[in-house]
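Accompanying notes for the structure given below.
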Amino acid sequence: MSMQPAGVFAQSYVRDMAIFRTWKQGAALGFFVLALLLVPTILGPRYVAIANIMLITSVVVLGLQITTGLAGQVNLGQAAFMGMGAYTAAALSSGQQWPFLVTVPLAGLVAALFGAIFGLAAVRIRGFYLALTTIAAQFIFVFAILNLPASWTGAAQGLRVETASVFGFVFNTDNRMYFLILAITAIMTVGAYGIARSRHGRAFVAVRDDDLAAGFTGVNVVRAKATAFFVGAFYAGVGGALWAYYIRFVAVDQFSLFNSVYYMGMVIVGGLGSMAGAFVGVFLIRAAQEILTSVGPSVADIFPALGSSVVFASVNIILGAAIALMLILEPRGVMHRFNILKRAFRLWPYPH
Amino acid sequence: MIQLIEYALNGALLGLLYALIAMGFVVIYRASKVFNFAQGELVVVGAFLVWFFTLDLGLPLYVGFALALIGAAIFGLIIEPLLFRRLVGQSTFSMVMVTIGLLILLRGLVLVIFGPSVRPFPDLISTAPITFGDITLNRGLAYGGIFTILLAIGVSLYFSRTRPGLRMTVVAEDHQIAQSMGISVRRSIAYAWGMGMVLSTLGAVFYLNGKSVTFLVAEIGFAALPVALLAGLESVGGLIPAGIIVGVAQGLAAGYIDPVVGGSFSAVFPYLVMVIILFLRPSGLFGWRIVERV
């Protein structure tokens, strides 16, 4: 439970539901945004590259947080939805020369429609059976990309992507891309918080907690599940488009089933149902990945049999162990732990 | 005509192999209500255990194989105290999520312990193909198919006729009720994973006979999923018809549709079959139709 500092009382419903209930919260966010804006000037180019990947992953994982965290629908096709977005953006930008501002929303939309198909399966299929149809999404995606005409998708060779440009301004360096990605991530984040507080968000939570009971209280369960998949896949598509513009090359193996599993892991570590948790999860796992990549070579000297796969292997061990430990010790994720800590701090020195 | 029969027969044998892999999955679900996403990794662990005890240690083939099965059972049994003990009584959702953690963890552990290189797999069965006139069949898969059918009947009888099997069935229906009837949910989960591991190892033996083993073998876990879903997650006996349906469909697709489409359509086809059948019968062909209450 979140708890306000002593002396903060809302005098109207609007105030009670506001995102910023005290000016300090607004100021804290302001400082955080300022810090994010200063990343390229303070930290070196290597960190900007890491930050870019983290932000793109955050958009994808935010979407998964909506589908799985809010609406409770296990989704192991998020990488496929991301791939749909990436390929749409890549094909439209390099083939048709469409502008960035058009391709990104379109990429989101194409991914969302692809995702909604699997949500609509909820008409008949329920529970974990539905989760498994999303694995089918992964296989259908790979099959479609490899077998559609090569002039659209590049088939096995992959596709090169043009640099992003908005109104003639070309985002051709990592630093410039950083601000572009940051701006879009910010928009998507505001959107995610809005969705969580909206009528749809409440319907999602009701469906997650008990879909039968939600149905009896008047929630259109099938629509809620389809919407959850639609929105989650939209986020994946936008993230995929950003990925395409940032890496400037798309290939099928960037969007494998194992990536979907990884995104799921990030959601679990961060905390199911918490939007801030999505960012925390992405940050922790990506940071662990980066640290292991930099110490990897020296570990490889100790275990020469592993060769270059040591990074992948050790990231897996850490992430797998982290997921298991989180679920056993704190099923509600790092963010929940953080909130408990915050509350304890506010109540101190009293126990309750 | 001969070709049609050959495609169908080879497909059916592959389908029965999927059924054997899926059996590990269904047994775990059937005895603990946990949906095991790490099934493919269990097959890899089983395969590497067989490799380790036979080729790496240089033990005689059947001694090594027996040791590998014992090792697999022990490996399965220790998963419960490590991962599930603290989660009994919590939502099945977290238990299922733990298996996603297990999937990632095992992939990493296999890479660290056995390395990424390709290892030869011992041939427990002769690799010479079986020929009937013009039809050739893979001997490993053929013996595996017969074995799978017998095993499915046995396991199915175990769950429906014997006391320990019925106890596990109760756990699959409801953890709380099972617990209040004096049935140990923990023990049931532990045995389920032990059995699942042994079945996965057997699956690996028939699948990899005459092939080699890497961590990528795990993909068969997801390839076998349509069979489990088609049968309905609770039905062991249903795996046989489901496996044959999926396998024959895949075999015919590989023979007749792939050359036309020019791609690996047969790899996607089982999933399409699965989605269509789930639309028609949401709990599979033989799954329990559970009346849900709020």
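Glycine residues also receive a Cβ, built from the backbone N, Cα and C atoms like all the rest.
Record features, source TrEMBL:
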TRANSMEM  B:12-29  transmembrane segment
TRANSMEM  B:59-79  transmembrane segment
TRANSMEM  B:91-114  transmembrane segment
TRANSMEM  B:141-159  transmembrane segment
TRANSMEM  B:189-207  transmembrane segment
TRANSMEM  B:213-231  transmembrane segment
TRANSMEM  B:238-257  transmembrane segment
TRANSMEM  B:269-291  transmembrane segment
Result, the transmembrane segment (B:269-291) in contact with the transmembrane segment (B:141-159) (3+ CB pairs under 8 Å): no
Interface-richest range of B:12-29, B:59-79, B:189-207, B:213-231, B:269-291 toward the transmembrane segment (B:91-114), CB pairs under 8 Å: B:213-231
Criterion met for the transmembrane segment (B:213-231) and the transmembrane segment (B:12-29) (at least three Cβ pairs under 8 Å): yes
